[in-house]
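These features come from Swiss-Prot:
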type    : residues           : note
BINDING : 553, 557, 655, 659 : Zn(2+) binding site
REGION  : 828-847            : region 'Disordered'
């Protein structure tokens, strides 16, 4: 039974039992920014199990793509050394949300395995939690499982919990017995870690709610969460003891064998490569790109581990990305998103492979030298850190090599080196830092800026030079804290508001507003009179600047959505800056964006602006926001209540910034630049509204000037330029022909200037007006004509000297063109080289050329 047939059989079986088939969620969990990767089928149903989300069905089934690499669940170091560890696997699951419970879950599992798949009952072993008498009775008394193939286990293996508190409950696991010829004992026995009994299905019964004191309270509606590894089940059904021998892996292993030249399909490095292409490809599909932090670094580690295993097999050229088409053939039907993103996956992996290839060989030499000089069995932390810092070797890659040599790595020493580097970085970043905007204040400010541009407020505190004062007078710079404010404080990439605090003839100009804890710091200067603590003032923001910031912030959301639409869902925000004058957006992408793509992105943003969709801003609890589809950034800390900014069907994000009410208020949107700022990170800068109109006016003015210079009308500029380009190419062609004729005639004249030196015809001369191509053509003619010959020809263009040297092949044993041209080039401030019969060089001192050419005869005399 193929893996594809198993997927279908599983889903079909549970759909017949009233379950709704739910497509796999991404390997990047959209509902849990604290979780590195989706590592189980239940992750996409987490809110449903917690009662924070309701679905239109109470029974679900899925085939979930999962990753276990990095974080709590990390199988990376075992991949390639065991039969069943993978960084990527597929989990078959069926779920009950307060519907059926233990009896039905056990019946479904047993029926599917023994009847649908036809597995012999005597090959299956059952475990239950030692205190779960209910599950025990169902298995032994109702299902008729033999007590000889049944065991009770402790909480370590058979009690599941979502965390220290919350839903939890006992598990029942189903194992497959691979036979007495395989080492290992049954679950619960001293030798249970062998390969004879392999867990294939885990049935989790969410039965209790664990409180902080450890008390277990029965849930009013218990649920079921089950998970079965497709790869393990396929190994059973295909009569294999090693997952890498199933159909899903064999096609990839064979392709890796073809690319590396390794013929042994059981080679552990081939298996590592086959496993790693699966996890790497699906990470890119779901928006992860190689980087030096978070998920991106996990991806980088896995890619580089795969490349190192290819290098171990003798493959020094890039190869890893070439496995993607084979993977698509195997898994594209089950995961259409893989087909859609194939080109992006190939490009991202190829770029990372090319980047690492530049340092891999040198890094391996350093490591080999260190290993050769080891007096013990531990690679030092300093060596591991040097490989990491200089050559891009993740620690686990170095540990992988060490493991193959029965060595280990001083990980504690490596961490000491890392911490020392972090300390240096902190010191550098804090150098000269000022804390002038840090004040001793623990109160709070009520923000009313979403609704109001101005409001009366009371001055709660004033700080001058970080010292709390009762009063500030004209000319003094100060920080003012109010009890409430319409001023937006700098956060989320949006700059703080500017404006004024006034009362009668007293005025304080606010240059910026920042947040410290729950307090808003109004930073500025007293411009008239004085201000005092307890004084009631009118706080008024610069409305024009605020509206411009709102336009740019809303445009940033539309830009983010447009980038994901045009470039792919791997695009994720890496940073942003929203000012009244412009916006800047940093995002993950693996290559420069083409002019055509930039135009498409700009048009898509403007299209959504012109739709004039209402911008809905709503506060809701975090789980409701996630359920609505709002994007949550990995690593961001969100409170229980978040603000959701919804722009029609095009964009929905969590955001605390200020925005327009309708997208049409943004006005025109223009991209002004696109650039790369780091590996895998691009930056777009853009303007909106009046600033965008200004760029259009400037371009229009420039076009008018160009048209005037070309003596044509605006509509004809493009065709006129094309005409001029064509004419220029024709003129260049004619010039080249004339230069060739001139050089040829000069060459004919030069033939009479040949001097014979030790039987060799020597010629060294300058050709006026010649380029390098003309020098070569002339050289070829003269070399054939003057056989045996040693010739140097030169040309001068400004302060640059071009040199070519040619030597007849019959004399290259003694007279070599590369050495000859280098002899001349060194005298004119340059260098060069090439083949024994043909070489080229350059120089930057034309004043020495005549003398250098004169030295050729003497040089030939010494070698010929």
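Glycine too: its Cβ is placed from the backbone N, Cα and C atoms.
Secondary structure at residue 655 (Zn(2+) binding site), taken from DSSP and collapsed to helix, strand or coil, is coil. Report note: the Zn(2+) site is defined by 553, 557, 655, 659, and the residues of the same chain whose CB lies within 8 Å of the CB centroid of those residues, excluding them, are 550, 554, 556, 615, 645, 653, 657, 658. Compared over the binding-site residues 655, 659, the count of CB atoms lying within 10 A of a residue's CB peaks at 659. Taking H, G and I as helix, E and B as strand and the rest as coil, DSSP gives the region 'Disordered' (828-847) the counts 2 helix, 10 strand, 8 coil.
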